[in-house]
Every structure is written in C-alpha cells, then in structure tokens.
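Reading through the structure tokens given below for one structure.
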C-alpha cells in the first residue's frame, strides 16, 4: 500500500477474554494520520495504551501491553489482523483488560474490517525495511529475519502427537492473510487444562473458541479447519507480535518453534539497533525494485 490507512466507520464486537473469562466489548474507530494503533480503556476514563514494543509487559501464553500499570492482554490476534490487512491508524476502545477471543482466530476481526471499510490518507506509508540478518536463539528454538523486499514468513512448529511437525511459508498480503491464516484458531492439549487453570489462565476457553487436542485428535465436533491449522495459527500470532514494530515490515522472518517471548525478543533487538533497519516509503521501494530489474 502506498498511503496510510484507517477504517471508514466504527465497528464493534463483544465476547469473553480467553484467559480472564471476563465479558468485554471493543469498538474500532478511525484515527488520524500517524496515530498508529491505540487501545483506549473506556472503563478507566479513556486511558490510552499505544500498541508498541515499548509497552510489552507479559509474553507467557499471550502478549500483554502495559502502561503506567494499566494492562491490555491477548493483543496478538487483533493486531495480527490490523497489520496484515493494512490498517495503520485506529483507536480500539475496550471496556476490560483483555481483547475478546471471539472464535479463537483472526477471522471475526477480518470480517469487522470488511464491515468498517478502509480509508486511505494522503500521507505516504513508511516501511521498516531490514538491512542485515539477525537472529535470536534459546534452547533449540530460533527466530531470524533476513532482508527482503516483501513481508515474508517461514514458520516451523513441532508439537506432541497428533500434531507433530508442520511448516508454512507465505508472503503476507491482505489477500493471502484472509485466505490462508485468518481462520486458524488458538489451540491446546486436554492434559494441560488443569495446570493452566490453576495458573489463572484459559478461564474463558471452550470448544467454541479454541481447538483442544487429545492424543487421538481434536475434541472439537467439527474437527480442524486445516490439517496444519496449528502452524497457521502460530504464524498469525507471530504477525500480531511483529505489529508492535509500529510500521509495516519488509523482511523475511523465519521462526523455528518460536513463541511470544522470542517474537518480543526479536522485535526489541531490531528496534534497539537502528543499523538493522531503514525507514523507506512505498515510492522509494518501488524505485529500487525497478532499478534492480533494469540493471
């Protein structure tokens, strides 16, 4: 996309928080040029939390943001949709501490964006382009990013049977995201449920908003939406965490059994070293691609 965007009209949704189990309502509203994505806690006098890597607070089982002690949790699905569908500037009014899980995927949010419509501003979009490779590793897990003229993902996952090893590669565009990733739901294992509930997690989880596996397969009556739904959902999560860069990304991200903590570490590594990236406009990118084709 050449220009910055927002939504044309407000839209709203309601549900429960996956981990808190609390009822929550969100409204997505247009925001001015260069606002970015800003969460607005309507239950706390409109307190604002920008969706930025600077405000990452928790990265265990979900990504949470915090500013001055005020929390917004499980942000990754909604941010994934904004980032992939090309939504740069919105206010997200929310009346509790956790984004609603809805059906566990990004698809309901994609439908909300379609309902809202997209408005282009005249301000040129500025992209974050990776200039050199970097990686983060920990205990056999790894996430890397390489220079690329598109936003490209390679995602490798490995889980207990019956899921096993899965892999996925795609160029992230609104069209590819809507058809290849948005439908993939969050997931877990039946034998982990008691432990997670004892940790204060998944209080809002059900078969209506998550895939639950046993050693024999999913408990969900309708089964899986794709054989590799788990890998697709991890790619969806990854995009949501990369959205905290604050600008559309040009680079090839390779995630090998990575999770929220490693995603956050990569983002912090990028933003902590300006030599890793440059900020360019769509026109500058197009000019470079044209020159490369001619030369």
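Any Cβ shown, glycine's included, is placed from N, Cα and C.
Annotation comment: Swiss-Prot describes 260 as active site, proton donor, evidence class sequence analysis. Sequence-distant neighbours of residue 260 (active site, proton donor) (same chain, 6+ apart, CB under 8 A from its CB) are 59, 60, 61, 62, 63, 76, 237, 241.
What Swiss-Prot lists as Zn(2+) binding site is 77, 233, 237. Taking a C-beta cut-off of under 8 Å and a sequence gap of six or more, residue 77 (Zn(2+) binding site) has these contacts in its own chain: 99, 101, 102, 105, 106, 109, 186, 236, 237, 240.
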Requested in this report: Write out, in the order they occur in the sequence, the residues of the chain not among 77, 233, 237 that have a C-beta within 8 Å of the mean position of the C-beta atoms of the recorded Zn(2+) site.
Outcome: 76, 80, 105, 106, 184, 186, 234, 235, 236, 240
Report task. Please report the number of other Cβ atoms within 10 Å of the Cβ of residue 233 (Zn(2+) binding site). Result -> 27
